[in-house]
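What follows is a set of notes on a single structure, which appears directly below.
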């Protein structure tokens, strides 16, 4: 196995460059003083370039070639076989992107994000526009370098969801839209069923943070190997399985931060749960962004917005905010945090409308990359699509086209992963429930170890060893399918909104 | 100038690796969760190794050789000439140390520091002894690799104070001891002259932090390009001139944190003030550790422990702590924070006794490196020298020979920089006062811009362009000399302790 040791050492050095860069990015979002932006862009560009140069060097190719004959002797689900498969895939893809291009793209993304950070609160889309245009151009060039047979968007999507095509996603999204749009209408026709005004009060940041932290610790997020900070846009990042950090934000001092923390803790527990043998290798990461999102959504929604969870957690929250919640009970709280209201902001969206936000972004991105939509027309198109699918129109670009950080970072092709995650989250949750039929009762008692244990064994421990579709099949016994998710939505919200009938 | 562009780019990449490592170290001391230690050690080892490999590669040599003919055409005080001089010096020195030796030394230092971290609180010198012996041996071998004509200690000293010899330092230190020892005795004979017991009360951390921050901002520390955090050991670090961070600590909830913050802000303003043209090059740093220390000591002591400063600042501090300081006035506060008391701990020492701590460390280090002192005899010799020079004897090794981290890290030859900094701080301050005769009055009014402006122009802007002795000569018109410093000590403490006569 000496051949593999050399490959592993080589990849570990590259991994250290990537994880150092991840810390630099974490710092940029949390503690970096504003003046540090220029240096940071330079440092990140250098680390990316060096990692890319090393990884795409002929040495990687020859270490791979030396080791690949081992595949004949290795079990296909062994760590070593997976390392060779994943590294070969990454290597062949990375070789297609010139080092200079990668560095230039990283620098542009850093600059663009800094501009977005000030342009968004100033509602200044024209300031951001040239940067967006640049990032779209980088995405196009990326697709050209990577290659594709049908649509350049296939190449972009494949970066986040290996072996998933634009056509697959479009089919999934069509079915989701088909069921969701009438469901949203039926709910709207029903009107508000719970007096949720208490949610609009101001909740002081520090107690919200403290409560969130106590809950995510009880879920199983290990703060000896992580921490919770504040940033403008919540995220999770890992430097290895033993340092996995999350952030949340406290918008309008609402309880929204709780769900943000549950969400990011879901990501973080995935990273903390990968097998120690995968740490420091390219396998010590999630199978895809969609699978990652399935974990965050599972904890945020299937646990954190469930009735049994709030039966468990609400008394504690009411103790923290007696003046706000004295006259509220767990059932009302459950209904309130599940109110369905088509709104402007994706990250604030309820479970029913959320995917509609994704679906029109997916369409916009395809049009941008294909050159069918000019960047200057994006705000108008955005607003029209919002009105069409959600029935609301952004009053400004701040809460319209500029609401997400993704495009400023050049992450075009990423949004579909969110909805793939939603769909998969229900498949995983139902598989866990088949293994632990008492799961709902466990949650009602604040016992999350059975659920986390199942996820560790069937999802987390495998890191990036398997393709998303293979992982999903191994864990749930089937392929990605929207039906369990749609059934879940119809049952849960049908019950809350008294729509009659469990679905169909 | 194309030859220089290639060299600059090459050095910038290496600089980015170093500054990324600096951020990783900053995070390790401030926010890293305990679980992250293993990953962090691995990341830091990788970044150091890559930086060292690149810098000592033949490419650096050939880029230097291509560019060096330019020296005939460049003004000797130009940035480009300085870049070539400094890089040549660094390169020749780095090439003398085999990569394997550097890695082995780093590993040993890491182990030794881990042992020191537990041996110190356990007062277990025998556990630390073999590690100290190893670090002394590494220091000797370092000196052998680097080369020297007179004393191996010359080679070690030169790492921190370029072109400063053991003989220079010994002459300086002899003169300091000659004046300081009788001064300490005269002060001790006089006894306490101010009731400073209020300093021993507990001061809540957050208001101390807020006050420290407001003061260092008024000094000119730019928090848009920096920030103040908390760590076990205060330090300053820079990733470039536009991101220079400091930390302080709040030991025993005393006001000591204020002086720690002034000190670190002095380092940080030096880094923030280097010329933009030097940023990202090997010149964007201080001239030497001694010159760096001169800046921190200047703000900590010559400003921050001066009478005019507290005439300005004390009313504000009393407003923050009315219960603690209601019956104290600026004059009493000034005298209290300048009380002279021979003690065991270097970092807690007052201005008069501080250098005596350094002088005997310097003697011990020379004897260790020369092989005239065996490691097993170090505690006894330490205690004897403490008794001889400071009149106090450590009750144990924890607060004796094991009090500093430096030896565990292999930083032998570093201590003299502290005293060189003290001496130079007065020379710089007096030169600034000659240029701004109203300096004391400015400080009394809380105006620090004239002083900072002078330091920027004469010290900070030059970064690492000049050798310490050349920088000092350009700024003050003379070489390093102890007389201004000694005059300052005798006048200040003679007045406080009523010793009669201004000194002679």
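Indices start at 1 and increase along the chain as displayed.
Placed from the backbone N, Cα and C atoms, the Cβ positions cover glycine too.
TrEMBL: automatically predicted annotations, no manual curation.
Note that this is a predicted model, so its numbers are computed, not measured.
The Zn(2+) binding site annotation in TrEMBL covers B:263, B:267, B:293. Under DSSP, residue B:267 (Zn(2+) binding site) is assigned to a helix (H, G or I) in the three-state scheme. Taking the Cβ of residue B:267 (Zn(2+) binding site) as reference, residues of its chain lying under 8 Å away and at least six apart in sequence are, in sequence order, B:236, B:246, B:292, B:295, B:296.
Counting every protein chain shown, the number of other Cβ atoms lying within 10 Å of the Cβ of residue B:264 (active site, proton donor/acceptor) is 27. Annotation comment: TrEMBL describes B:264 as active site, proton donor/acceptor.
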Where residue B:293 (Zn(2+) binding site) sits in the secondary structure, as DSSP reduces it to three classes: helix
Between residue B:293 (Zn(2+) binding site) and residue B:264 (active site, proton donor/acceptor): CA-CA distance (Å): 9
Same chain, 6+ residues apart, C-beta under 8 Å of the C-beta of residue B:293 (Zn(2+) binding site), given in sequence order: B:417, B:418, B:420, B:421, B:422, B:424, B:425
Neighbour tally for residue B:263 (Zn(2+) binding site), based on other Cβ positions within 10 Å of its Cβ: 25
